[in-house]
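This report concerns only the one structure given below.
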Amino acid sequence: MLNRYPLWKYVMLIVVIVIGLLYALPNLFGEDPAVQITGARGVAASEQTLIQVQKTLQEEKITAKSVALEEGAILARFDSTDTQLRAREALMGVMGDKYVVALNLAPATPRWLAAIHAEPMKLGLDLRGGVHFLMEVDMDTALGKLQEQNIDSLRSDLREKGIPYTTVRKENNYGLSITFRDAKARDEAIAYLSKRHPDLVISSQGSNQLRAVMSDARLSEAREYAVQQNINILRNRVNQLGVAEPVVQRQGADRIVVELPGIQDTARAKEILGATATLEFRLVNTNVDQAAAASGRVPGDSEVKQTREGQPVVLYKRVILTGDHITDSTSSQDEYNQPQVNISLDSAGGNIMSNFTKDNIGKPMATLFVEYKDSGKKDANGRAVLVKQEEVINIANIQSRLGNSFRITGINNPNEARQLSLLLRAGALIAPIQIVEERTIGPTLGMQNIEQGLEACLAGLLVSILFMIIFYKKFGLIATSALIANLILIVGIMSLLPGATLSMPGIAGIVLTLAVAVDANVLINERIKEELSNGRTVQQAIDEGYRGAFSSIFDANITTLIKVIILYAVGTGAIKGFAITTGIGVATSMFTAIVGTRAIVNLLYGGKRVKKLSI
């Protein structure tokens, strides 16, 4: 019989729409200002931590909507941002640096919806507000560090082999030259070092010199490593900030994009992400007196560094260990109530420190704090010129063989200790980064974008509904129900997809798909009217109308989907957001126009003697 659906099709349609509605509902409940407490590396939030948080809030007379332990983190919700800020200040003072206390916006989804993992759509920066950074890796510094490592490595190899040399100098293009006493020593060094360092191109220069430069493959590998490692370290630092759904991705050869939606403390984010602090551990050269140190007359294997008070200290150039080997660090107070940072090393770092200290017991070792800061000047390309700042923060005699754990003192105050421990815990950047573009979108502007987007969607929907009802009467009402179902399904699917983020271009995609859905219904209705004018019966006209329109609707939507797939494959950011919502909308509009409206029409007219259609 014409225009009849089996029961399973009606059940399927109802189930799909109900599921879409359930997963779209969380978007109606908004968000609560919240404070999120997560454990730092190696520490997890527990029931005991939850009790401590509740007690602190009670003592400070701060009222929370709820405080709960969820998936290893504590989430405290508040009625206003003022209360949220007060709570964060109170909790930061109590929790210490074993926990990350971060401002956040938590979905106010009811528990019964959360139980089925129904969550609101993830909103992009333009809708939720937040901060966007475009960072550039300082490749010159990265390759300069590698040049220093090559110098140290070649010196060590020549000493080990017993080949005498007089001087080692830096050359252009991150190369180096070594001067020997005679050509014989130089030739012996070239033969030995070429085997030991296949990534260096070593050649003779002059009568008694060799020149070593990094191969193109090694330079390319070093650049790639610098960017990739900085991305990993920035991700660790973002985790320390406790930001939900951050974006950290590469852009071009030496740039990194960081997007932090919903973040409220942008100054703190900039400080943590852009910080370049690390530590170097070096032996103090006690053979040079203070007068020589003050005048800078020191041996070639040493250099003068300053303490915070401006006192000169002569350190050997050889670096025993850098912050790259630090796996964990926490701040605390020593027996004299002075701030200190407790350091834990990886196995390789522990072995280096152990082997070095066992042979140097009784000698002073210095902790050198190294940081790159903006000089306020610009280079020829308009980029900020970074200045390397070094400061001896601690000198201590090696009293025993050190292993994987030790502590450093000489830090000014607890805040500085906490900041240093956080940076060391997240990892030292392989090369300094410069923030070349910063864009902050406030929550007010984000809310304005949401309101404008909703207005655009509703306006498009209302105009479409009016058009359909005026032109197609009862069939226009049926098409209207399909449009509403289409919008519900788009929002529900967007909320379900873990990687989908809604942005302003995404809203444009939704508005576009509403137009596509109207187009499909217009095709169907016009085809039915055409069949009726050709003398078909009502039942035949409905059946032929849907059959005849199907191929046109299918072809048009498939070509649109192909374009959407191409946009998603080659596009970035906003283009991908537009492609996702458009693709989802095209699929749901086909479903609601072909299956949804047909189901309603079949219920109303299927198997009945109808002489005239309201179309």
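Glycine residues also receive a Cβ, built from the backbone N, Cα and C atoms like all the rest.
Features as listed in Swiss-Prot:
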- 279-426: region 'Required for protein export' (REGION)
- 1-9: topological domain 'Cytoplasmic' (TOPO_DOM)
- 30-455: topological domain 'Periplasmic' (TOPO_DOM)
- 473-476: topological domain 'Cytoplasmic' (TOPO_DOM)
- 498-501: topological domain 'Periplasmic' (TOPO_DOM)
- 519-563: topological domain 'Cytoplasmic' (TOPO_DOM)
- 581-585: topological domain 'Periplasmic' (TOPO_DOM)
- 606-615: topological domain 'Cytoplasmic' (TOPO_DOM)
- 10-29: transmembrane segment (TRANSMEM)
- 456-472: transmembrane segment (TRANSMEM)
- 502-518: transmembrane segment (TRANSMEM)
- 564-580: transmembrane segment (TRANSMEM)
- 586-605: transmembrane segment (TRANSMEM)
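Listed by sequence, the residues of this chain that lie at least six past the ends of the topological domain 'Cytoplasmic' (473-476) yet keep a Cβ under 8 A from its Cβ atoms are 465, 467, 525, 528, 601, 613-615. Sequence-distant neighbours of the topological domain 'Cytoplasmic' (1-9) (same chain, 6+ residues past either end, Cβ-Cβ under 8 Å): 539-540, 542-543, 595, 598-599, 601-602, 605-607. The predicted model assigns the topological domain 'Cytoplasmic' (1-9) a mean pLDDT of 83. Tertiary neighbourhood of the topological domain 'Periplasmic' (581-585): same-chain residues 486, 490, 493-494, 502, 506-507, 509-510, 512-514, 516-517, 560-561, 564-565, 567-568, selected by CB-CB distance under 8 Å and a gap of 6+ residues from either end. Counting residues per DSSP class in helix, strand and coil order gives 5 helix, 0 strand, 0 coil for the topological domain 'Periplasmic' (581-585).
Tertiary proximity for the topological domain 'Cytoplasmic' (606-615) is limited to same-chain residues at least six positions away from its ends with a CB under 8 Å from its CB atoms, namely 1-5, 472-475, 525, 528-529, 532, 538-539, 541-542.
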